[in-house]
Every structure is written in structure tokens, then in C-alpha cells.
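Worksheet for the structure shown next.
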Amino acid sequence: MPCPAQISDDLEFFVNGRKVTEKNVDPEVTLLAFLRKNLCLTGTKDACGTGGCGACTVMVSQHDPVCKKTRHFSVMACLVPLCSLHGAAVTTVEGVGSIKTRLHPVQERIAKSHGTQCGFCTPGMVMSIYTLLRNHPQPSEEQLMEALGGNLCRCTGYRPILESGRTFCMEPDGCPQKGTGQCCLDQKESDSSGSKSDICTKLFVKDEFQPLDPTQELIFPPELLRMAENPEKQTLTFYGERITWIAPGTLQELLVLKAKYPEAPLISGNTALGPAMKSQGHFYPVLLSPARIPDLRMVTKTSGGLTIGACCSLAQVKDILAESISELPQEKTQTYRALLKHLRSLAGQQIRNMASLGGHVISRHCYSDLNPILSVGNTTLNLLSEEGPRQIPLSGHFLAGLASADLKPEEILGSVYIPHSQKREFVSAFRQAQCHQNALPDVNAGMRVLFREGTDVIEELSIAYGGVGPTTVSAQRSCQQLLGRRWNALMLDEACRLLLDEVSLPGSALGGKVEFRRTLIVSLFFKFYLEVLQELKADQKLPPESTDSQRYPEIADRFLSSLGDFQVTLPRGVQTYQRVDSHQPLQDPVGRPIMHLSGLKHATGEAVFCDDIPRVDKELFMALVTSTRAHARIISIDSSEVLDLPGVVDVITAEDIPGNNGEEDDKLLAVDKVLCVGQVICAVVAETDVQAKRATEKIKITYEDLKPVIFTIEDAIKHNSFLCPEKKLEQGNIEEAFENVDQVAEGTVHVGGQEHFYMETQRVLVIPKTEDKELDMYVSTQDPAHVQKTVSSTLNIPISRITCHVKRVGGGFGGKVGRPAVFGAIAAVGAVKTGHPIRLVLDREDDMLITGGRHPLFAKYKVGFMNSGRIKALDIECYINGGCTLDDSELVTEFLVLKLENAYKIRNLRLRGRACMTNLPSNTAFRGFGFPQGALVTESCITAVAAKCGLPPEKIREKNMYKTVDKTIYKQAFNPDPLIRCWNECLDKSSFHIRRTRVDEFNKKSYWKKRGIAIVPMKFSVGFAATSYHQAAALVHIYTDGSVLVAHGGNELGQGIHTKMLQVASRELKIPLSYLHICETSTTTVPNTIATAASVGADVNGRAVQNACQILLKRLEPVIKKNPEGTWRDWIEAAFEKRISLSATGYFRGYKAFMDWEKGEGDPFPYYVYGAACSEVEIDCLTGAHKKIRTDIVMDACCSLNPAIDIGQIEGAFIQGMGLYTTEELLYSPEGVLYSRSPDKYKIPTVTDVPEQFNVSLLPSSQTPLTLYSSKGLGESGMFLGSSVFFAIVDAVAAARRQRDIAEDFTVKSPATPEWVRMACADRFTDMIPRDDPKTFKPWSIPIA
């Protein structure tokens, strides 16, 4: 088995109300693949393939014949096996509503609330909210947060998405008029300059939204109701090419099958088995599905406990536990409450809907969130087999996999019995992860204690940890030794010693973070100790001598209030901007919060991305083969076995390239040697994507390792391994200045790298034409001209033969500037060689492995200052990890050095930067282009000075900030007035000084939780440091019906550039937006374009569109003058009759920009964007976790072209920057392999990471004569403002260290992960853990910054 001669059963289910009957279903086909390939429903997106991002969310509806109810639940389509859907109804975003038929309120509101940018995540967001509303038409805010916890967005910062969802919620607290135009903020108020300005907070009009009518939703198909109530077949069997899927209808049938196929796993939600089979190479020829067996979903309540069927989903378990908690006295629900607590943060809602309790228990994953609690809660597993039922305890022996305490191969888990807790028993659960939700825990724990009646003497004690071994670890020996001990400080001391001795982690333990995880072992027990102590005190049964306030001052009553986890709340905020002038014509959209013009298409799934383009005739698929060595010579590439595989057409190597194989140091396909793990060596072309991907695993490459192998900046410096010369700027006499200061401080700063994590991975479709060697290319890129040039060079054909089309890009952030040209060129070689269209779509793991990201940075600084805080001298030396090739590293180094001074005027200043060459994938352009790393170094110097002077950091910032018209270190003049205004308004709007006092008061009263607050200024230079990179062109056609087609050189990445260009055209032509359209960006309509980057896309392309429209309007003047009362269409028809050209090319020559590095001076940037941000956080010193309490941002946008889009850019960049500085951590193996290459392992911010109060204000009454309509580009500047969260965390850590009498000047390391925060908050627990000599073990991961 499987046997092709056998005939599969028919699979019957519904999609969007229509019946689907499939014969010969392959069990390896997922719902996502079927929807996209078979049904052409491409609204459901493929972004990660592992169930970690939510882009593929759909709703599944199933009827339960036992309870006679129909369940609606969201799932990740990328994990759902198609064969599991027999009898189910699937609803995709296309089935919810469409522009062509009827928009659903969810779709309308997310678009009109400005909740879409690139739009790639939007269908998944829509489906999560839609499913929530099908179950709860008026949900609570908590339910909304839970529903979106499994959905990722890289663009918006989540706030507008949550705002759209909030419109369905029960009326929240706060101003009921917010967003309607009647808010008290929607009135005239004085700005900081004293003048009157119209301030508005209305980005959308809630009253215009259509109401939600639950009666209009699709009904569950009656045919499926009948199927569920009266199934025609007991057992369903589906035979695939490699796997057979069997779904029995009765428990007895399942037991017979399990006896026949004892090695066959049971597959329920496929949340563990699916990813394991895909990425870890696990393979099972037979899969047994118990989903159709009602017996395995039964729930039984008895006087002693709760029995839950093994096939109940974790979401159902959550509801069952919540119901029991509401029915039972509190003393009986201790275990249930602990389980419910973890179920709220375990994965996302979609995974909880899919994963089963039985699968979670049986998998015994080391990071299981429930097994530690179930283990200490005396849970019993009810096993079933043909031989009869059997019970075993969910004990440490079971978790360790001991044969005597485990399932037999022919047994299945039928149900789980969880007993009630009892009087004098306390159960708690703890978990610490990189972020609050949808993240695997670093360490979790379940703990239970039972006391002798009327005493604090331990009668029973159970402790189990996850994340500290290959499975859940039970600390049985420690617990046994503590029996009979009293619950006091002496017991605590002994318990910590015993636990560290028994639950040991080797220095090379999988997952790394060894010292952090060791600390958590005792820190979490201490939390449990305090919780229980508090409960005992509340019962007033604790003997007074049980505490020792001298030895453990933290257990005094005033510190117990610090306990408890951070609660997740729906963020709130105010967005303020300046209204347009009252005299501006209503049809003129410039300055108004116009919805993204693709917003509705995003929300309905009708927006077409690169891989949504329908399959082309004779199309083939390409998959890449990458290096597994960091530095090696290629001895041979053996593809002989591959060419015989089914569907494989060809293997593409460097020998097949007719032209140039990339640059000398950056080959498209490796020749002779490889320089990093992930370098592309060759590619396989096959008839399907699955065949191509499988075939790559069969290519055998023989290597000979080379020396040296360099991964870290430290090693690169040691080996003098650099990619380009040092970049240096200097002013004043720095040596002399250091001799004349009161104090000198020196330090280092480490800033980790960052993955772009655009939701749409790199992808390209190449279609060769039949004549003249022409190619049509559809690419997800920020720079189609670069793709065009690279392909031209690779194929040795003229550029004019290649047309690149870009409809829209699912996020870029700099990652689609250079790399798409490489993938486009490789695909083009395949297309020319085979003569077939080639589609190349990287999966998430390959994308993250190959493409590189933000440059990690290491910096050394020396700062001289007076006791007043005035900085007299500053010397900063920066090194960035460029990876194995130059790419954009020299430019990043230049921008890094140019922008290092940030907002500060320091008379004696030396700034240096170098790009290191290492054996890692080449790092590349990323939003901010070096500024987010460099400015963090400068602000760290400020923090160090503040600590030495005993002054608040904000005072040091104010004292050293630019105050008057001045010149930068590179001699460019500028006026800092907007900078000062932003700073002062941010101080005012955030009530900074009042809150600073409150933070200090909180910290005096709280020992284990600390708050921090920080405000940072920003001077961000916009644009490229070269005039030629600021040029732009546009083409505008007016058709005889009056409609207008606009083409320009910018690319729509989600930043709303197309929307802004049409706003410009509308103003210039004086016509409504409804007349205007942009089809795509194409190298045919606008040639020689510049990359859409550096925040100038809308600015320079807008000037080109403006120019084209002005030319056309000038031509139309005689016609208009002749018929002033005519309509636009009248004028166009008349112009056509008079043979007036209705097409015009617009052009903008660009801003002058230059930099002379020899002299160290120039005018490299057209203008600056100024801003300031204030953030307040609270940290848990015992775990390193933090929550964002509030953020206030003030940004100088001058006259915003579109306040809704610009505020969205600011918020999105801020959250992305916050991720850089707090949760996004790239981990590499000692062999140079990137571990963190999926959303499970690399944590970008989620909805739970948004500050509870998130306010953004565009600085009113600001002007700049240089730019288009006095607007500014805001795409990148908000990134660095995310550092306000970082420095607030640093402030909180400093408060903790201050209270413990530990030095406040500590090494600054970004990201400020829970690991860094916890270990920086040094205390007796960090002191007691064992530390290994680094020379005695090989670490699991290495730092590369």
C-alpha cells in the first residue's frame, strides 16, 4: 500500500456554496493548493506554507450530528489536507463578497478603515474577522484580538485592521464619536507656534458603513446536513501516488485499522505532522484520520473531573474548560484555569481550531504548552485498542517515552481525563516566549502543590517544564525531596538548588539561550512560590514565621502586587492631521485621507499578485538548489538521478547561461566554489512545483571545504575581511576635545540583523515569445529596470527585447530592489533553454535562507562630555556584516555614516564605517538603509552619558540637539525648527514629564516589575545621494470618453504610490478620481526607471505625473477657453477632432544631490524628515517579558498628500522598527545555517505587540517649498522611532539594576529580547545558575553582530 490499481472514494464538499466532487484525490494535496490551482481561487494566499502567518485563512463549516450544531471555524488552508474535508463547506474570501457582486461589511470596513497596504495579508484578515462574526455577530474586543492573533501583517502596524474589526464589537469604552468627525479633537486648536490650524482625527466615516446582516450569509448546504446525519459509507479511502489516507466512520473500524497498520500515525489537525513531513522529511505511507468518529469527540463531566475526547480541537477544549470553570467552585478548577491560561496564547486561533488535544498530548513536543500542566494535574490517558481499553497516567515516564508507560503501536488515545483540583491545592502555569502570542515558548511550566490541612506543609508537589529537554521534563526527584517542608524562604532556596541540579541544560542544548532558560527554571518557580504565598496569606492560614523579610525582601506584601501576567487589550489611539484648506475644491483629493485605490480588491481577493496570474500554456515550474556549505569548492554536481524522475524536464546550471553569469563577486549560479550556505548552485525545471521541489533533494553535490570560514564581525576584523574601503567623516579636533572634558565613557553596541519578511515571497513568471528573442516577465520587484538589465546581460540580448510588468508587490522594504533580478535572470535562462514559460516561486524557508536582510552592526564608541551633559567629543566606529558579496553594503555604509549624527550638533565628531565580508548570504537594502542601526548607536551614547551624569536621557538629548540653522558634519545646511517643534509637541502630547514622575513612583513600589519611558528625536535624510537616482518619468493618455490612463516609474508595494499619483493627476487635470486609472508599472510604458526606494517614490514620480498633466492641460486650454461651460468629455472630444495630442510624457530631472568622500562634504540629500516618539513600557524582571503601554509619535509630514496613507506608513514603519529592536532575532548555527527561517522561528510583531495606546500626529502648519505640493516622503523614517520602545525597556532595566545596586552602564544589545532583558535584570536567580566555560562546548548558535 498504496496500490494504484485500487480506486479512491469520491471526495465531496462545498466551496463558496458550490458542490465539489473530486475523484482520485492525492492525500498530499492541501486545501490551499487545490483552491489556487484547481479552482483558481487565488484570493487565498500562500505566504509561509507552515501555518504561521494566516495569509491562507479560510472558514470551514461542519455539522456535528451528536450536538446537532454546525460549527464555523477558521483554518490555515496550507495545512489542511484536502481529503479531510469530506462533508465540509469551505468559504474563501471570494465567497464572502466581491466588487462584481456585493461587498461584505468586513471587506468594506477593512478597506475604508485603511487596513490594507500591500494587501497580501488582507484576505486572511478578512476571513479571520468574518469567521468570528459568523460565531459572534457582536464580538467582544478580547474575541477580536484572539481571532486575529494568528494573522501576520508586515505593512500596517495592525492598528487600522483592528479599528475595522472594532466597528463590529460591542460599544467600547472611550469617546463614542471617535472616527465620526464629532470627536472633541476634530476642532480648531493652537499648534506650538501659536497659530490656528484645523486639526482632524477622522480618517474614515463609520456612519457610512453598511450594517452587518447575519441573515444574508451563506447557509450550510442541506446536502451536507443529510450526509452528516446519514453517512453513506463508514470508511473512506483515498489512494495517492505515495500515501494512502483512510478515514473510518466508527471507532471499531479505526481500532482494526490501527492493528493492521501499527506504524500509521493518526492525523487530525495536521498542525504537527504536516510541517514535519514537509520540512523534516518525515514520511508515512498510510495515514489514519479519526475525524469522522463521534466517540472521539465526546465530553463527559463527573463529580471527580472532566473527560475530553482526543479529537476535540484545542479551541473546543478551551470552550469546554471555560464552561466548567463557570459551573464549578474555584477550588475545583485550579488545573482548568491553568490550562485555559495557556490555551489563550498557544499558537493562533486557526491552529487552535485545527490541532487536537490528543495530537498535542501524544506528540510530546518539548515545547508543548499543555503537557506540563496535564502532567502535574494527575491527568489520565484513556487508551483504546482491539484488545480493549487501558489507562496510563500522563506522567514523567510517559513524557519521557518509557516503553512501560507509553502507548503500544496498535493503541490510540481515546480521551483525556483531567481531575478536579481540591481544597488546599494550588496549580499554576507559566510560559515565556519571544512574544506574547503565536510563539513557541523558550520555557514553560506546570506546577502544583497540595498542603496538609490547616498548614503550609507540603503534602504533594509536582513540577514539570517544557523547553528544557527533548520532551516535557518532570522534576520528580526535587519534588520528592521537598515533601514535608514548609512553604517558606528556606524551602525556596532549597527548591532552586534542587531544580537546577535535576533539570540540567548542557551548554550546547538545542535552541540555545542556555543561561536564560536555566534562569527561567528558578524564576518561574519563584513566581509560583509567590503566587501560592499570596493565596495562603489571603486564606489567613500562613504562620507568621514562614517568611524571612531580611533574607528575601521581595516577598513582603508590597511586592506581591507585581505578580500576574501582562494582559492583552485591544489597542486604542488617536491619529491627528491638518485638514485641507476650506477653499480647496471638493473634487481635489490632495491632502485628503483617500482609501488605497486597490483596498477593496485587496479585501475581496480580486487583487492579482504575481503568482495569481493564471497558468500559461506549457508552463513549467522551477525550484532552486542551494549550497549546504559556507565556504567550499564545488567538486561535482550530479543530476543524473534527477532527470529520470517523473515530470522533471531539465536542470539549469551556470553552463547554460549564454551571457554574463552575474558579477565577478556575485554569481547568479555558483561556479567552482560557494561562499555561503544558501548560495544558488543550480535549478530544476519540472511540470509541477511539487515535482521540481522534490527533485532538488536528489541532486548530489560534492564539496571540498575551504578556509577561512568567517561568520562574525569579530572574525572579519581579525582576518581583515572587508568588502569596501572605510567611510569616514570628521569635524573639529577630537583628540584635543577629549583632553578638555569632565568625563569620558566608552562602550559597545550590538544591533542584530532583520529579515524583510515581506508577505509575498520572491516570485517571477517568464514567458518567452516566439520571435526576436522577446521575453515577457511578471516580477515582484521594486526595480523592474534592474531586472530588465540583468536579464539582458545574462541572455546577451538587447534590453528592448525584455518587458517587465509589475502590477503590485506584496511588500518589499528594500528586499525586492536587487535580489529579484537574480531570480528573474535564472528563470529567464530556464525559459530560453526549455522554450517554455517558467514560474519561480520561492517558499518562505528558501526566501529567508537565500536573500539576506538588514546588516547586523557592531559599534565602538568613545564620548567626552561635561558634567552638565554637554557632549564635547564623540568618536564612533561601526562595522556591518555585509555577507559574502558587496551588493548594497558600500551604499549602506555610506548612508550609515552620513546619518549617524541623527539630531545632535557635536562640534568634535569622528564617524567611521566599514562593511565586513563574511560567509553568510549577502545582506542588502532594507527600509532605513543603515539609519535604524546607526542612530541606535548614537542614542546609546546619549543614554550612557545620562547614566554617568545622573541626568535623565531626555535632558541630554535636549542639551545636544540642533537648535538653530546650521550645517551637518558633511556641510549640508538645514533648519532644525521642525525638529524642535516635533520634540516639543511630542513632550506635550505624551504628557512626558507627568508620566516620567508616575513611572518613577511605580518603580519605587514594584520590585519585580519595572516601567520605563523614553523619548527620542529623529532627523532622517530622504533620498539617494546621487542626482541621477532622483529622476522620474510618467506617461499619461486621455481617451475620447474622457477616461485617463496614468503610467509612471514607481512600483506599488503597499505604500499607496498609485493612489497618490492619481491624486496628483486629479488635481492637475481638475477631474474626479473616477476618471483616472493606473494599470501597472511596465518597462514598455516608462523605460529606465529608478528603484522605488529611499522614500522618494511618490515625490519624484509625482513630479513627473504633474509635468505630464500640465502639458496636457496646456494643450487643452484653447478648447476649454472656447467652451468654458463644457464638460471634461466635451473638451476631450473637441480636442480629438482638432487633432490635439492626448498623450504626454512627463519628466522630472531630479533633485541635485552629491557627496564628495575625499573632502567629506556635499549635499547628499534633498531634504529631511523630522520626528519624535515617546514610548512607555513595563517589564517583568523575572521573565524578561514586556508590554507596550503607550506610544506617541509626532512626524513632520509638511503637507501630506494623503494623511491616511502617510499615517499608515508611519505606524507600519514604527511597528517594523519595534520588531527590529525587540523580537526579531536571526539565529545562525556554527556552520552558518540560518535557523530562523519561518514565522514559527522568526517573530515579527503581531496584534498583541501594538502599544495599548498608539497615537500619531502629523505636525501642523509645516511647509517646504522644495517638494511636490510641499509634501514629504515618509516610507522609512518611522522605522527608527521604534527605538523609543527599546530605550524605554533600557530605562526599565536600568531602574531594576539601580534598585539592586548594580551598575547602570551595561552593554546595549538589540534586539532587546526577553533573554537580554531577563539577564540584564541581574538578581540572585541569575547569580545562582551554573555557567559553562565557552571553550568546553560547541554552542547551538553564534552571534554574528
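Cβ atoms here come from the backbone N, Cα and C positions, even for glycine.
Among the candidates Cys67, Cys78, Cys83, the residue that Swiss-Prot names alongside Cys48, Cys53, Cys56 for the [2Fe-2S] cluster 1 site is Cys78.
In Swiss-Prot, the FAD site is described by Leu266, Ile267, Ser268, Gly269, Asn270, Thr271, Ala272, Leu273, Ala347, Ser356, His360, Asp369, and among Leu212, Leu218, Leu413 the residue recorded at this site is Leu413. Record check: Swiss-Prot places Cys155, Gly812, Phe813, Ala1094, Ser1095, Val1096, Gly1097, Gln1209, Leu1274 at the Mo-molybdopterin site, and the matching candidate among Gln117, Gln1063, Gln1299 is Gln117. Take the binding-site residues Cys56, Ala347: by the count of other Cβ atoms within 10 Å of each Cβ, the lowest one is Ala347. The closest partner of Cys153 ([2Fe-2S] cluster 2 binding site) among the binding-site residues, by CA position, is Ala347; the full candidate set was Leu266, Ala347, His360. Looking at Gln117, Ser268, Gln1209, the binding-site residues in this record, the fewest other C-beta atoms within 10 angstroms of the C-beta turn up around Ser268. Here the CA atom of Cys155 ([2Fe-2S] cluster 2 binding site) lies 6 Å from the CA atom of Gln117 (Mo-molybdopterin binding site).
In the three-state DSSP reading, Cys118 ([2Fe-2S] cluster 2 binding site) counts as coil. Cys48 ([2Fe-2S] cluster 1 binding site) sits 11 Å from Cys121 ([2Fe-2S] cluster 2 binding site), taking the CA atoms of both as reference points. Taking each Cβ in turn and tallying the other Cβ atoms within 10 Å, the top scorer among the binding-site residues Leu266, Leu413, Val1096 is Val1096. Candidate binding-site residues: Cys118, Ala347, Gln1209. Nearest to Cys53 ([2Fe-2S] cluster 1 binding site) by Cα distance: Ala347. The DSSP secondary structure for Leu266 (FAD binding site) is strand.
Helix first, then strand, then coil: DSSP counts for the domain '2Fe-2S ferredoxin-type' (9-96) stand at 16 helix, 31 strand, 41 coil.
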